[in-house]
Amino acid sequence: MNRKRKSGAPKQSFDQESTVDSVDDSKTVSRGSPFVSAGPGGMASVVLAAFAGLMMWAFYHPSDSTEVEQGGALGWCLSALLIVAAVQCFGAARLVISGERKHHSQDPTSRKPGLLIDAIVLLLALWIGYAAISQLSVPSGLNDQTWQIGGDWRSASNEAWVWILGAVWFVVLRRCLRNRMNQLALLGLLVVGGVLLATHALHQVHVSLPQTLREYNADPERVLAEVGINAPEGSNARMIFENRLRDGGPTATFALANTLAGLLAMVLVVVIAVLLRIVGEAFPGAAAKLRFGQRVVERNSPAGDRDGNSSSHERDSLSSQQLTALGGLALAAVVLALALNDTHSRAGLLSVLIVGGCVLVDFVWANAFGRRVVNASLLAISAVFAALPLAARGWFGTGWIDALPESVRYRFQYWDATWRLVEYSPWTGSGPGNYQQAYHQFRLPESHEIIADPHHFVAETLGAGGLPAGALLVALLIVGGWLFWRAESPADTPSLAEPSTNAAAVRSQMPMVGWCVPIGAFLGWLAVWGVGIRNQELPDFDAHLFAIPLACAVGWLWWFKLADLALMAESDADVIHGNSVVASLWDVRRIAWFALAAGMMHLSFSGGWTVPGIAVVLWTLAAIVLSPALTPSRSASQRVANATSGKGAETAVIAAVAGLAAVALWMVSYRPVAESKRWMAEADLQIRRGNLAGVVELCERAMVADPHSFDPAMFRLHALEQDWVQRVVANRDATDMAPRFKDALTDAIQRAGNDPSKLQAIGELMLHRYQIGGQTEVLARAGTIYDRCQLLSPQHQGIAAQRAAIAEAEGESAAIVSDLAEKAVALSEAGGVVTRKLSLQFVLVVRPIGSSAVRQPVRQSAEEAMDSLRP
């Protein structure tokens, strides 16, 4: 294990590598400073601790599915922006007080690559913000006879803040990762979070889901009511729920198993890469035999002899640490692999197989040429995955698509619809948060479901911001790949001529660096449980009886054992081939690159690009891969100059941007959404008490608080409808539409905008009213609403079937009614998708029924209804 290094400097010492920027400020603060190894303004440890807490919160509250569009991530985004603004302001003030803003000479070319990547990221976020603002000018309403897409400003703004925070997170964190100890600590947090969620998922598979299935089999209606799903017996909604309950896989804290799989895949790749490196260090002889053309160079004396204090006890202790690390990481890998397999995510498994294979080749072919081959291969594979949406337009032929698995062919349908959306609105797409409603218009007739995102990160970016956003993302990928290639292929490779001098320096930084991330993660964990106790929304307690101890054990192993092994590996182990040196066993940038590639491959077939629980991992990995660090060829004096010059201005700009963004988020989104939700929570309590007048008043307050929210308007309309039902039950002649109800109906339709799903909900309420009262005016309004629904969603078989039933009740000719019914049947049979069959669809009966329809709307099978309307 202990081998004496040949005279000469290592190619990459633990705190030195060829990278994006040539900036290192770890030497600009005193060794005793609490802000050792700090980033801009000397506050990296504080930033890392704060970001660790925010990441832990995101693991528990990932805002999966459509929760981002509903404002579920606004508080998290606001907290992050406020923390960044406060820390950067403090850092800028600290620089001013310490007098470090004086001008120093520097090499301007050393900063250009980092500034370029920052500029692209910020421009992408700004363009998405512009696309969100453009939704304010999209016309909507029943009076508009042309179909439109987008227009939901509230959903657009809620999602846009995630993009903006992502840019700020990347720019700030990238500057705080100027040594590998910080990078390694953050990777450890990802592993801890992954193991926590994997253990939770396994508990769901073996305990929670079987129990829920037993409860569902005993009383289906009660379980459906508890989860808030309206799924009548025999409907496609119930079929989908039952299929997911039996075969959908675990979700842990996420809403979808496939999204969870993305996180597990990235973490599993990290664990595999580190595990192989420990194996190579623990068994150097066996590793050398496996590697192509490699040999382990035995030294004549232990590495510790350089310091004069090496002992056999230290070597035995090191061996014990390695065995502990091997056992712990092997257990973590097994837990992650089992949970990933249980999610049934083909994309997750495929990404691990591809990237895991590259990691294995990288371990076996461990020389400079082998690294370049692995880099080129993985970059090429990643480029193919990123370009997959182009195949949906037939750029690479179409015959091969039919041979793909069914779930993959569905993705090509999504991407084809996205391209047609972009062709219609090339500059802004549908806008952020508006893809689902726009998809109604562009979906193929044979598509099987209404999706919230196109299941590909490039296609999702095109849908959110049009061609400019897509071009900026492609530029970001190209520039990022080029910078990584350049960092991995330095032009100057120093020889083994000098001993490593950084190991001792890094050891002196270990106390603060080693503790800031786990402390931040612990505080984030306390916040999760504290807020959960206050709001009576605790995480799954039974699952965490297993998840928390295992996650803590992995955290202890990673942060306080693997760090020592990394330092030992840096100072004691070199594998050489000829005159070149293999990269350090603990190349954290490279490990992060492997994990990032796995995540991007998974997101080439899955959603999660703007889900904070996944996005924060991607932002962090990208910051590690493209982090600025020390270029070995520069002198110490030049490094100090580069580190301090311009830092005050940068820190002040970042503080100003984050501060302005936080103020805007508070005023534009967080305050109106939070106040509206507060009033709506009170309204929900009042409707349970039967106080309909109070419900209407509270909904109106919520509408004033948030002028763009649909839910308060719909809830008020529902409350007024219930009040009308009570009056009709008491007096059968009181069936007229009151002016207040008409105003509420108009408000609800206006706020529904161009969303056919929301308009359909209003139309069903009007049809229910018609069943009770039998007013022709109500039927006419329902027909107008469904006309608009059909215009916005021409491929929806359920809307087509309901419109045919309405046409028959309105007295349309038999030919018109038959054509409408035939259209509904044709749509249901397109593509042979089971869940679109009319036998699994229900429509409201369109005729006066009376008091028997008071409790709930009367429905019938859409298949039976259409059969009766066709000749």
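Glycine too: its Cβ is placed from the backbone N, Cα and C atoms.
Whatever TrEMBL says is automated annotation, not expert-curated.
TrEMBL annotations:
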{"type": "REGION", "residues": "1-31", "note": "region 'Disordered'"}
{"type": "TRANSMEM", "residues": "35-60", "note": "transmembrane segment"}
{"type": "TRANSMEM", "residues": "72-93", "note": "transmembrane segment"}
{"type": "TRANSMEM", "residues": "114-133", "note": "transmembrane segment"}
{"type": "TRANSMEM", "residues": "160-177", "note": "transmembrane segment"}
{"type": "TRANSMEM", "residues": "184-203", "note": "transmembrane segment"}
{"type": "TRANSMEM", "residues": "254-276", "note": "transmembrane segment"}
{"type": "TRANSMEM", "residues": "323-341", "note": "transmembrane segment"}
{"type": "DOMAIN", "residues": "331-474", "note": "domain 'O-antigen ligase-related'"}
{"type": "TRANSMEM", "residues": "347-366", "note": "transmembrane segment"}
{"type": "TRANSMEM", "residues": "467-485", "note": "transmembrane segment"}
{"type": "TRANSMEM", "residues": "512-531", "note": "transmembrane segment"}
{"type": "TRANSMEM", "residues": "543-560", "note": "transmembrane segment"}
{"type": "TRANSMEM", "residues": "609-631", "note": "transmembrane segment"}
Give the nonlocal contacts of the transmembrane segment (160-177) in its own chain as ranges (CB under 8 Å, at least six residues past its ends). 23, 38-40, 43-44, 47-48, 51, 68, 73-74, 77, 80-81, 84, 88, 114, 118, 121-122, 124-125, 128-129, 131-132, 183, 186, 432-433, 464, 610, 612, 615-616, 619-620, 622-624, 626-629, 650, 654, 657-658, 661, 665, 669
Between the stretches 323-341, 512-531, 609-631, which one has more Cβ pairs under 8 Å with the transmembrane segment (72-93) than any other? 609-631
Same-chain residues near the transmembrane segment (609-631), Cβ under 8 Å, at least 6 residues beyond its ends: 15-24, 51, 54-55, 58-59, 61-65, 68, 73, 76-77, 110, 114, 117, 159, 162-163, 166, 169-170, 173-175, 177-180, 183, 186-187, 190, 253-254, 259, 262-263, 266, 432, 453, 457, 460-461, 464, 480, 483-484, 490, 588-589, 592-593, 595-596, 599-600, 603, 639
Using a Cβ-Cβ cut-off of under 8 Å, list the residues of the same chain that are 6+ residues beyond the ends of the transmembrane segment (347-366) and lie near it. 258, 261-262, 264-265, 268-269, 272-273, 276-277, 280, 287, 290-292, 294, 340-341, 373-374, 377-378, 381, 575, 582-583, 590, 594-595, 597-599, 601-602, 604-606
Chain residues outside the transmembrane segment (323-341) and at least six past its termini with a C-beta under 8 angstroms from it: 191, 194-195, 197-199, 201-202, 205, 250, 252, 260-261, 264-265, 267-268, 271-272, 274-275, 278-279, 282, 348-349, 352, 550, 553-554, 557, 561-562, 565
Counting Cβ pairs under 8 Å that sit 6 or more residues apart, are there three or more between the transmembrane segment (543-560) and the transmembrane segment (184-203)? yes
By DSSP assignment, list the helix, strand and coil residue numbers for the domain 'O-antigen ligase-related' (331-474), in that order. 104 helix, 0 strand, 40 coil
Grab the same-chain neighbours of the transmembrane segment (184-203) for me: Cβ-Cβ under 8 Å, and only residues 6 or more beyond its ends, written as numbers and ranges. 48, 51-52, 55-56, 59, 177, 250-254, 260, 263-264, 266-268, 270-271, 332, 335-336, 338-340, 342-343, 513-514, 516-518, 521, 540, 542-544, 546-548, 550-551, 554-555, 558-559, 562-563, 566, 586, 588, 591-592, 595, 617, 620-621, 624
Given the model, what does the mean pLDDT over the domain 'O-antigen ligase-related' (331-474) come out as? 92
